[in-house]
């Protein structure tokens with residue numbers, strides 16, 4: 001696959017870049033810097049990055065049907081008005097766990113916002129275990145908890161027929177599947193569909209392409225891998241010039257470009273001098289596949 005091209009489009013030096021999502025209306029890529037406490041928007045037109053600072057670790061961003069965005073902030077679901085730079089809390093979770101924060105989140109095909117929590121890290125991927133849970137914010141702004149005992153709630157997406165929910169709890173080193181009921185948003189029958197190999201390291205963010213294959217960013221593995229959820233086989237590996245690849249999404253005019261976020265937290269001077277683009281956002285072209293546009297939150 002010599003046609004694959006990787007370029008760093010935003011060398012922001014994010015501490016933990018995460019949750020890339022394409023905003024078609026704005027021709028822009030949104031993402032967050034969790035520990036940097038920033039929501040960022042890179043314009044494909046101007047090639048400039050705008051940022052909004054927030055008051056807590058911000059771990060995911062999603063489109064909203066009524067306009068603007070929803071985010072996961074600390075242990076809150078919140079609304080973000082971009083022009084006004086205004087954040088308003090929708091609801092709190094994990095109130096009994098002051099050391100927790102949200103991590104990755106994504107909206108399902110019916111417009112519900114799924115997001116999971118974890119304990120704050122002592123160092124990257126080192127934390128008190130089994131403190132997290134997976135939640136859904138419904139369009140009426142009610143919240144349902146699916147399960148707890150999660151280590152690092154991470155990548156999530158849905159199959160093209162919307163009957164399967166894919167999910168990653170990073171420290172399980174596994175990509176899991178659940179049966180999914182689109183009518184109710186209920187999940188069940190959890191099983192592992194892929195276990196990561198040693199050099200792939202830790203599974204992080206994830207997205208799906210129009211062929212129904214999953215793309216998983218491998219934290220500390222410096223790559224995104226393409227998986228067949230039916231056979232459990234790895235189909236492709238794309239290596240990046242940074243180790244701490246955190247998440248991926250498709251975007252661009254026809255969703256044929258892949259955007260990958262990365263982190264620099266936990267890297268010493270020597271490591272950073274070898275990887276000056278750590279914490280940058282990368283665009284991958286020439287993959288030969290397209291992605292599925294993101295769903296907006298219906299509430």
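Residue numbers in this text run from 1 along the chain shown.
Cβ from N, Cα, C; glycine included.
Annotation source TrEMBL lists active site, proton donor/acceptor at 204. Feature annotation from TrEMBL assigns divalent metal cation binding site to 18, 154, 204. According to TrEMBL, the feature substrate binding site maps to 101, 103, 121. For 16-264, the entry in TrEMBL reads domain 'SMP-30/Gluconolactonase/LRE-like region'.
Here the features listed in TrEMBL are placed on the structure.
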| residue | record | Cβ contacts under 8 Å, 6 or more apart |
| --- | --- | --- |
| 18 | divalent metal cation binding site | 31, 32, 33, 34, 59, 60, 103, 104, 205, 246, 247, 261, 263 |
| 101 | substrate binding site | 34, 56, 57, 59, 74, 75, 117, 118, 120 |
| 121 | substrate binding site | 127 |
| 154 | divalent metal cation binding site | 103, 104, 116, 168, 169, 170, 203, 204, 205, 206 |
